[in-house]
């Protein structure tokens with residue numbers, strides 16, 4: 001049996017003493033003065049920063065929103081029932097941030113960046129603050145590249161460019177989200193990364209949207225950020241900023257990204273709730289005074305950055321829900337004034353079967369015209385005017401039956417144009433498909449058919465063009481302009497199709 005030598009013991013002890021490193025964990029702490037309704041008042045964290053994360057017992061995090069003389073107002077980002085008066089709160093020294101990068105594509109996360117799709121950790125290595133300063137004037141370049149939505153009515157009459165902010169506004173349940181989802185599906189194989197931000201929605205609704213995106217192979221280039229109705233108001237409020245930071249990651253690397261905020265009305269309500277609980281003075285409709293700044297600083301982060309910075313873009317499609325079509329309410333007017341145009345959806349059109357239910361007269365794209373390709377301008381240049389004149393004539397025509405031939409022809413053409421602008425959900429179209437259908441409508445190829453036939457005409461003419469005239473479709477997609485020779489080819493192809501369609 002080995003004997004233990006005294007020298008060895010002394011050597012071991014002296015080595016341990018030598019290697020001993022005293023670790024002191026110094027952190028600034030505070031005490032919970034009061035807590036309730038998702039808001040905690042903390043005394044003692046004198047050096048806390050705005051938007052800084054504080055740690056409550058049990059690992060619950062809170063975000064500093066109010067900095068007052070003797071305490072700070074903190075919005076709790078978790079279950080407030082586990083926090084009680086007198087609890088010790090630690091400063092983290094970190095401003096609220098979120099994981100970003102390619103690893104988030106195909107995933108569903110909450111507003112703090114935690115995965116909620118049951119697929120394990122994200123594996124993201126980079127982080128970004130949720131609040132970033134928007135690019136300055138010099139760092140931007142004009143919007144001049146198209147961002148196709150795949151919807152004929154939008155791409156023809158209110159075109160959207162990369163880096164634009166186009167508002168989708170309308171009452172509840174009339175297809176606002178459907179436009180956003182179709183726009184995401186249309187980005188397949190274009191290299192555009194998509195972010196869908198669900199704010200204040202039911203979890204079942206978010207689940208359904210994710211399933212629809214998966215069904216159409218759109219999740220591979222999409223990240224869903226969910227601040228659901230059951231989440232604390234703070235998470236619903238910061239979800240939009242978190243989603244924007246993910247989009248900025250791609251924008252700042254020279255890529256193109258598209259973000260859908262669904263919807264900013266619920267975000268405003270969540271922010272109003274937080275502000276009132278923090279005892280901030282209420283303004284119009286009880287919203288706080290900085291609600292405009294809340295939306296403007298979010299939407300200004302969507303931009304097309306200059307070529308020196310990579311030339312990337314972040315396009316935003318914010319959604320606003322109106323009450324009984326009132327676009328002159330506080331939040332709708334705010335967001336209309338911030339964005340570069342709006343697509344206005346009307347219940348009366350929706351219920352009469354015109355879907356997407358876009359009101360052409362009230363919808364506008366302030367900067368997208370410069371991004372619209374020449375081929376689309378050639379076929380849809382007068383479409384908006386034609387439809388506006390048709391609506392005006394239609395309202396007069398109901399008072400009298402004796403109309404001259406020209407007026408009757410204009411009315412007939414208008415009915416057919418309205419018909420070809422209808423489009424089913426989850427069926428976004430390519431540029432060539434849109435151009436062919438609109439060419440047929442605006443050049444009078446549909447005038448000879450009954451209105452009921454138009455619905456059958458569109459899928460059949462597209463199938464015919466793809467099988468017999470793929471070269472024409474390819475040329476439209478590649479050159480994005482209709483030359484006189486190509487126009488002649490399209491006319492001949494559509495004339496040839498007429499005999500097939502009539503016979504069929």
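Note: Cβ is positioned from N, Cα and C throughout, glycine not excepted.
According to Swiss-Prot, the feature ATP binding site maps to 170, 171, 172, 173, 174, 175, 176, 177, an assignment based on sequence analysis. Taken from Swiss-Prot, the feature site 'Required for activity' covers 363, and the record attributes it to sequence analysis.
When the recorded positions 173, 177, 363 are compared by the number of other C-beta atoms lying within 10 angstroms of their own C-beta, 173 comes out lowest.
Residue 363 (site 'Required for activity') is 15 Å away from residue 175 (ATP binding site) when you measure Cα to Cα. Between the CA atoms of residue 177 (ATP binding site) and residue 363 (site 'Required for activity') there is a gap of 17 Å. Calculated from their C-alpha atoms, the gap between residue 173 (ATP binding site) and residue 363 (site 'Required for activity') amounts to 18 Å. Residue density at residue 172 (ATP binding site): 12 other Cβ atoms are found within 10 A of its Cβ, drawing on all protein chains shown. DSSP assigns residue 174 (ATP binding site) to coil, not to a helix or a strand.
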